[in-house]
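**Student:** Just passing along the structure, written as structure tokens.
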Amino acid sequence: MAVRPVLAVGSYLPHAPWPWGVIDQAARVLLPASTTVRAAVSLPNASAQLVRASGVLPADGTRRAVLYLHGGAFLTCGANSHGRLVELLSKFADSPVLVVDYRLIPKHSIGMALDDCHDGYRWLRLLGYEPEQIVLAGDSAGGYLALALAQRLQEVGEEPAALVAISPLLQLAKEHKQAHPNIKTDAMFPARAFDALDALVASAAARNQVDGEPEELYEPLEHITPGLPRTLIHVSGSEVLLHDAQLAAAKLAAAGVPAEVRVWPGQVHDFQVAASMLPEAIRSLRQIGEYIREATG
């Protein structure tokens, strides 16, 4: 695939001013015309987009809602790049979907991104949704944010209906991924990509002061406890993030949290983003939609 060589080159110069923002801007132009409703939402430090596929009722605090946290290694992508995925998710889940355009590294830290995601959740709560009506969902780095947000909410006694993670990056530590057999078969991520991400995440955290100290890096898989939302994970059988998916499922199950991993052979990382071209992506999103509907009654 063409993506892997680009990431390989970028991994040698992670701090160079690569135009990562262009990806989401270009995707906005490429979104096909449809009857899907997309409304801009303002959050305290970020923006969001409320997406409602044709036939889905407005977000009014009834039925269900999905809080979607996009992937992109914490440094790129947004509501536009994930437009088709989110549109189909809204359709199959029969639900409005709030996509948070959280702040990105390297200018901002992962902690700041998580704050923005929390603000998105609060926005849905203020709209009238109860925790048991809200599903947290995300792909790749968005899977990390979804799980970290679920843990933050657990600390204040709120448990969303479910958590859905697509090809999730759930562990910032790179060593186990780089040693995984799939590092040789992953069509997107060379081993050095995780070195580059590690450097960018660490430098962004060092610049963000929390109570007078640099932001600490948070590992969600080190904080798995009973009471987290039931979880569904979809992952490619050949991608290196299969490691994170299987480790998360094992830890969740050990804590008594219902967790299911569905492995898709022959697919690439985050193949659901290509839903306009891949029948398998549509099948995956249909299954996820059914899971969300069942979890929210």
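In case you wondered, yes, glycine gets a Cβ from its N, Cα and C as well.
This is the feature table in Swiss-Prot:
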{"type": "ACT_SITE", "residues": "SER140", "note": "active site"}
{"type": "ACT_SITE", "residues": "GLU239", "note": "active site"}
{"type": "ACT_SITE", "residues": "HIS269", "note": "active site"}
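Show me how these features fit into the shown structure, please.
**Tutor:** Taking all protein chains in view, 26 other C-beta atoms sit within 10 angstroms of the C-beta of SER140 (active site).
Following the DSSP three-state reduction, the secondary structure of GLU239 (active site) is coil. Non-local contacts of GLU239 (active site) by the CB criterion (under 8 A, 6+ apart in sequence, same chain) comprise SER167, ASN182, THR185, ASP186, ALA187, MET188, PHE189, GLN267, VAL268, HIS269.
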**Student:** Within 10 Å of the Cβ of HIS269 (active site), how many other Cβ atoms are there?
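**Tutor:** I get 25 for this one.
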